[in-house]
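Student: According to TrEMBL, the protein has these features:
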| type | residues | note |
| --- | --- | --- |
| TRANSMEM | 12-30 | transmembrane segment |
| TRANSMEM | 50-68 | transmembrane segment |
| TRANSMEM | 139-159 | transmembrane segment |
| TRANSMEM | 171-189 | transmembrane segment |
| TRANSMEM | 209-232 | transmembrane segment |
| TRANSMEM | 253-271 | transmembrane segment |
| TRANSMEM | 303-328 | transmembrane segment |
| TRANSMEM | 349-369 | transmembrane segment |
| TRANSMEM | 375-401 | transmembrane segment |
| TRANSMEM | 422-441 | transmembrane segment |
| TRANSMEM | 453-472 | transmembrane segment |
Amino acid sequence: MSRMGKRQEMRRVFRQFSILSFTCVIMATWEFLLTANTQGLVDGGRAGLFWSYIWTIIGFGTIIASMAEMASMAPTSGGQYHWVSEFAPEKYQKFLSYTTGWLSAMSYQAGNASGFFLAGTIIQCLAMINYPSYSAPNWESTICVLAVVVLSGVFNMCFSRFFPILNNISMVLHIAGFVAVVVVLWVLAPHPPASEVLLHFSNDGGWPSMGLALMVGQISAIAALGCSDAAAHMSEEVSDAGLSVPRSMMWTFYINGSTGLIFLLSILFAIPSVEDALNDPTGYPFLYIFQLAMPNSPVGTNILTVICVWCLMVGNISFTASCARQVWSLARDRGLPFSGWISRMNTKVHVPMNATILTLACTVLLSMINLGSNAAFNAILSLQLSSLMASYAIAITCILIRKLRDPASLPKARWSLGRLGLPLNFFATAYAIFACFWTFWPNATPVDAESFNWAPVIFIVVIIAAMITYAVQGRHVYDGPVSLVKRL
């Protein structure tokens, strides 16, 4: 903190295991593979979803390793925008850092909304399963989403000191839930032949080629492995952050990536008919899978679904915290309008209260999309992943350039990639750009008002807003975190 010119304002309540638990629960790989697999099944089918996960885990491995090294060099809540400010060529540091801060903040705000959307709508689906006559209107699912948002807000603002305990307990349930679902699917579900699951691709999105369908469908795999950098945004609350944070990022990737592969195979081998799964009345293929595996046990379906909802809800609570810290850090560096208000720290509970309120307000606004469109989740998810990948690409490109031009000027990293750094950084940048491009696509064609992906529109509007804000205010007040580092 002293090297970065920052004052310690938060309690360091996280240790190695608790920050690992925090990151594993937020990343929620098996939970997302279970609940957010629709686009992958539509565009690619079972085989497409499996193989896209394989190449995604390889690509994300290089991204996470690159981010972990930067987190070791500069463990701060700012994350990507701080690293861009410190490692970018001096001529571009200020503007690139400002833009990256907005991209990263937009990503986490959208990611926060997507997690709440899943938890809230699945709660409504439980009502549909138990009460078949229930019609499940969109406005009621929005109410469920808002209820989960309120719960997260109360915990974040009043009980944040219990974060380590909550996440340690949830880590146990995260693993136990994985085991429970996998065992049920292995033992009770019908299993199609391996050749059908791993080699039979499908294109239900209407794309002109199977290859294009696979590219569009990979968003399900990307979503399952995203946001492993969440630990970096909690760095100022982690003991020995320069080592604990990068370790937790990598260990999370190893744990969630490997369990995710096992889990994905388990659910794919439990889907005898992709068409029936996609046409389930709830809109969630996993509920079709549960009911098919336990046709005479609605209680079993309820229990497994409640476990999943619990994991998602705790992930939402933790994600809100990470999201608020990122916004608070950007405001602390005067990278947002009304930075003075947003960056205020509540000294009684040591929580960025105003940043948390702003984060919850953004979540509520994004959740309103559901009132007018059943494709709301796809739009929010696309917005999250496109802006996240863009921020990754910028940050990793900056450290790649610094390593090529002036490696001696880089701060010491206790967790270092060593000689593998350059090739890993290069591959990570290329993959991040590749993934960013495909996250903007709709999940089917022809595109109509219902299936239109609004993420590119929102993305462009936010970028334009960032540029206008920078021109009017930002360039006069925002110096970037590097200005404090240089004065030390």
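Placement of Cβ uses the backbone N, Cα and C atoms for every residue, glycine included.
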Student: Does the chain bring the transmembrane segment (349-369) near the transmembrane segment (253-271), so that three or more CB pairs sit under 8 Å (pairs 6 or more apart in sequence)?
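Tutor: Not in contact, no.
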Student: Could you name the stretch, out of 253-271, 303-328, 422-441, with the greatest number of CB pairs under 8 A to the transmembrane segment (139-159)?
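Tutor: Between the candidates 253-271, 303-328, 422-441, the best contact partner of the transmembrane segment (139-159) is 303-328.
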Student: Quick test of the contact rule: Cβ under 8 Å, at least six residues beyond the ends. What residues does that give for the transmembrane segment (253-271)?
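Tutor: Same-chain contacts beyond the flanks: 24, 27-30, 33-34, 37, 41, 46, 49-50, 53-54, 57, 60-61, 64, 175, 178, 181-182, 185-186, 189-192, 194, 197, 224-225, 228, 277, 285-286, 288-289, 292-293.
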Student: Grab the same-chain neighbours of the transmembrane segment (375-401) for me: Cβ-Cβ under 8 Å, and only residues 6 or more beyond its ends, written as numbers and ranges.
Tutor: 36, 39, 63, 66-67, 69-70, 80-81, 83-84, 87-89, 96, 99-100, 103-104, 106-108, 110-111, 113-114, 117-118, 121, 219, 222-223, 226-227, 229, 366, 369, 410, 422, 425-426, 428-429, 432-433, 435-436, 439-443, 450-456, 458-459, 462
Student: Give the nonlocal contacts of the transmembrane segment (453-472) in its own chain as ranges (CB under 8 Å, at least six residues past its ends).
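Tutor: Counting only partners 6 or more residues beyond its ends, the transmembrane segment (453-472) has Cβ contacts under 8 Å with 95, 98-99, 102-103, 106, 337, 369, 375, 378-383, 386-387, 439-443, 447, 478.
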Student: Which bits of the chain, at least 6 residues beyond where the transmembrane segment (422-441) starts or stops, bring a Cβ under 8 A of a Cβ in it?
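Tutor: Cβ under 8 Å, 6 or more out: 56, 59-60, 62-63, 65-66, 215-216, 218-219, 222, 382, 385-386, 389-390, 392-393, 396-397, 399-400, 403-404, 453, 455-456, 459.
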